[in-house]
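Annotated features, as they stand in TrEMBL:
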type	residues	note
DOMAIN	31-293	domain 'RCC1-like'
REPEAT	77-134	repeat 'RCC1'
REPEAT	135-186	repeat 'RCC1'
REPEAT	187-238	repeat 'RCC1'
REPEAT	239-297	repeat 'RCC1'
Amino acid sequence: MSKLGWGLMAEEERKVVVESMTAHNVASSRGYGGFGALGHSVYHRELLPRLVKGSWNGPISHIATSGTHTAAIARSGELYTWGRDEGDGRLGLGPGRGPNEAGGLSIPSEVKALTVPVSAVSCGGFFTMALTEEGKLWNWGANSNYELGRGDKVGGWKPQEVPSVEDIRFIQIASGGYHSLALTDEGKVFSWGHGGHGQLGHSSTQIRSIPMTIEALADEKVVYIACGGSSSAAITDKGKLYMWGNAKDCQLGAPGLPEVQSSPVEVNFLTEDDGLGTHNVLSVAVGASHALCLVSRS
């Protein structure tokens with residue numbers, strides 16, 4: 001699996017970082033190495049994939065990156081992070097991890113404040129979210145746009161459980177620049193954070209300070225979710241793809257949409273004329289201004 005950064009805002013964050021996992025469950029990285037993003041104890045560019053050597057024991061089970069910070073989960077459930085932390089706490093490694101103290105950020109470090117085993121992780125623009133083996137949401141980092149879903153704007157480096165959904169079991173998470181999605185074991189999708197491009201799917205551009213169910217998908221059983229920088233996607237058990245959010249660069253794959261698409265729209269982008277016939281969408285990946293899908297014939 002691999003993840004590409006979205007290229008958020010500043011030019012220095014437009015450099016691409018690619019993190020990938022091999023068939024042997026080891027992590028490799030290449031691309032822009034500024035701020036220690038590659039995890040190699042170097043800050044220059046790497047043209048070819050290079051093994052990320054962390055202190056974890058055994059194989060890596062999951063990785064995620066936002067472009068300037070990265071997270072990896074060891075098979076035993078420990079979380080490791082590395083890369084840029086501008087004092088917002090996105091790495092979860094404690095205080096004193098600002099831009100002038102980057103020496104320890106270029107190698108993977110265990111998030112010891114996260115005391116529960118995790119099964120998945122997502123990296124937002126300036127925050128990080130983890131899914132525990134019990135299906136609970138924990139997050140940390142910047143929170144000026146309610147990215148952490150705690151009902152207030154208090155952020156910080158210390159991982160905390162998202163309080164309003166403690167009784168719900170989640171099975172997948174995804175994070176964009178300033179928003180997140182979470183999928184329950186019943187196929188319902190929750191969203192929160194910045195909604196200025198309609199990326200929350202609530203038929204408005206308002207911020208949501210706590211996780212809220214996307215009612216437009218209430219009649220569907222969703223099995224997969226994804227976030228781009230300011231757009232979102234969901235796949236149903238019937239193989240249908242829905243997308244919403246920023247459509248300025250046609251990244252939602254449906255013609256005639258406004259630049260801000262604030263409710264999910266079904267993407268019918270393949271027809272019999274394309275030579276594939278009827279199909280199901282299996283997976284989707286969303287970047288800043290484009291998206292890719294994996295489909296299968298019915």
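The backbone N, Cα and C atoms fix where each Cβ goes, and this holds for glycine too.
Unlike curated entries, TrEMBL annotations are predicted automatically.
Counting residue by residue with DSSP, the repeat 'RCC1' (77-134) contains 3 helix, 19 strand, 36 coil. Confidence over the repeat 'RCC1' (135-186), given as mean pLDDT on the 0 to 100 scale, stands at 97.
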